[in-house]
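Visitor: In case it helps, TrEMBL gives these features for our protein:
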- 80-213: domain 'SLC41A/MgtE integral membrane' (DOMAIN)
- 293-436: domain 'SLC41A/MgtE integral membrane' (DOMAIN)
- 36-61: transmembrane segment (TRANSMEM)
- 122-145: transmembrane segment (TRANSMEM)
- 157-184: transmembrane segment (TRANSMEM)
- 196-219: transmembrane segment (TRANSMEM)
- 226-246: transmembrane segment (TRANSMEM)
- 258-277: transmembrane segment (TRANSMEM)
- 289-308: transmembrane segment (TRANSMEM)
- 351-370: transmembrane segment (TRANSMEM)
- 382-399: transmembrane segment (TRANSMEM)
- 419-444: transmembrane segment (TRANSMEM)
């Protein structure tokens with residue numbers, strides 16, 4: 001399919017037409033062209049800024065892990081990835097939906113814009129309340145399985161902290177996403193390239209900071225018996241109000257009815273990443289897990305969310321739900337076609353993959369400057385860390401291509417169904433691969449030290 005865009009510019013003097021100019025743009029690939037350079041320029045700044053925010057989140061987590069509430073209530077560490085992962089379940093999904101709406105002209109009309117924005121913000125408040133409570137339950141269950149002990153006061157603290165954190169973070173980030181998408185639309189910048197990484201970056205830092213402050217507040221007032229139950233009941237009582245507001249938009253009603261499975265499953269997947277984090281963060285051989293976990297998970301989630309949002313916008317513009325374009329008919333494409341063709345989505349995948357190594361090197365160097373010898377700085381670990389980042393992002397970008405095709409073929413919106421799964425998988429892959437990097441580096445160092453001791457022992461007296 002060849003697409004032709006005609007841009008007309010009229011010049012008036014008073015009410016009289018004095019001239020006009022026209023510009024034709026033709027694209028043989030079914031979408032108006034974006035060059036490699038254009039995509040790179042629009043993506044690289046948000047990715048670097050988001051990486052700095054995620055690095056700051058890592059430094060914050062490295063500090064708060066020693067706070068009394070995190071030391072005493074171990075399940076709070078298990079809660080970090082699923083709560084931070086709400087950026088993929090809620091805010092990044094919201095950013096992707098709004099970006100698609102902006103690119104397809106759905107929010108150009110002021111009245112329609114108000115309806116779309118209010119219903120979307122109400123939707124994420126409903127989702128934040130429910131998923132925040134479920135995340136606390138999942139953390140508790142994983143804690144019970146590993147420790148076989150339950151403290152009612154800690155259960156209440158965990159649930160109240162989770163629900164309040166999810167609510168406040170969703171509200172703050174939701175309003176910010178609305179401003180970014182509308183601003184990008186007015187400036188002529190593709191919101192798909194900037195909204196999701198900003199949502200992800202600020203989501204990590206804001207969510208982690210709110211969780212630390214809120215949980216510490218409840219911990220200081222743990223003698224107030226009815227405080228935490230009252231908080232949970234208050235937010236539960238507000239849920240019907242958000243539902244009524246969200247029902248203004250028919251597409252949002254559909255998400256309210258059928259959109260729970262992706263975000264709940266993604267939360268469960270992220271919880272297993274949280275379990276890995278809580279089991280390794282206090283061990284000496286995994287020193288640095290708290291700092292690097294938000295970075296590696298966030299970079300992977302950012303990049304795959306950008307790609308998913310772009311593919312989703314492409315399908316919304318040039319196809320109908322349930323019908324895949326001719327060049328996307330295969331559900332399981334050859335990996336080479338995902339990264340090595342001239343198609344616009346393949347080009348953006350190459351751009352995103354090329355950002356992994358330089359981005360991680362920049363973040364690693366800044367962390368080393370800030371923390372010094374408190375993080376691992378061996379060349380072996382750096383190589384393993386970069387390799388882990390590449391493996392994570394390559395897997396996620398390929399899965400994004402597959403999942404978007406499958407969901408679109410089922411007449412489902414990829415903005416709502418793919419990003420939660422992919423960011424949840426990004427959290428699990430990132431945490432697991434990072435733990436493997438630390439373990440492998442420790443193992444190689446141990447073998448080298450044992451080899452040195454053996455040589456000294458076998459040497460001449």
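Placement of Cβ uses the backbone N, Cα and C atoms for every residue, glycine included.
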Visitor: Near the transmembrane segment (122-145), which same-chain residues lie under 8 Å Cβ to Cβ, leaving out any that are not at least 6 residues past its ends?
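Guide: Answer is 74-76, 78-79, 82-83, 86, 89-91, 94, 155, 158-159, 161-167, 169-171, 174, 232, 235-236, 238-239, 242-246, 252, 255-256, 260, 263-264, 267-268, 271-272, 274-275.
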Visitor: Are there residues at least 6 beyond the ends of the transmembrane segment (36-61) whose Cβ is under 8 Å from a Cβ of it, and what are they?
Guide: 80, 84, 189-190, 193-194, 197-198, 200-202, 204-205, 208-209, 212, 290-295, 298-299, 302-303, 306, 347-348, 350-352, 355, 359, 362-363, 366-367, 370-371
Visitor: So which residues does the transmembrane segment (382-399) touch in its own chain, when a touch means Cβ under 8 Å and the partner is 6 or more beyond its ends?
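Guide: 292, 296, 299-300, 303-304, 307, 335, 338-339, 349, 352-353, 356-357, 360-361, 364, 422, 425-426, 429-430, 433-434, 436-437, 440-441.
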Visitor: Sequence-remote contacts (6 or more beyond its ends) of the transmembrane segment (419-444), Cβ cut-off under 8 Å?
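Guide: The answer is 81, 84-85, 87-89, 92-93, 96, 196, 200, 262-263, 265-270, 272-274, 276-277, 280, 285-289, 292-293, 296-297, 300-301, 304-305, 308-309, 376, 378, 380-381, 384-385, 388, 391-392, 395-396, 399-400, 403.
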Visitor: Kindly report the helix/strand/coil residue split of the domain 'SLC41A/MgtE integral membrane' (293-436) according to DSSP, in that order.
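Guide: Residue counts in helix, strand and coil order: 117 helix, 0 strand, 27 coil.
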Visitor: Where else in the chain does the transmembrane segment (289-308) make close Cβ contacts, counting only residues six or more beyond its ends and a cut-off under 8 Å?
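Guide: Answer is 43, 47, 50-51, 54-55, 57-59, 61-62, 65, 81, 84-85, 87-88, 92, 95-96, 192-193, 196-197, 199-201, 204, 208, 273, 277, 280-281, 345, 348-349, 352-353, 355-356, 359-360, 363, 367, 371, 375, 385, 388-389, 392-393, 396-397, 399-401, 403-404, 414-415, 418-419, 422-423, 426-427, 429-431, 433-435, 438.
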Visitor: With DSSP, how much of the domain 'SLC41A/MgtE integral membrane' (80-213) is helix, how much strand and how much coil, in residues?
Guide: 120 helix, 0 strand, 14 coil
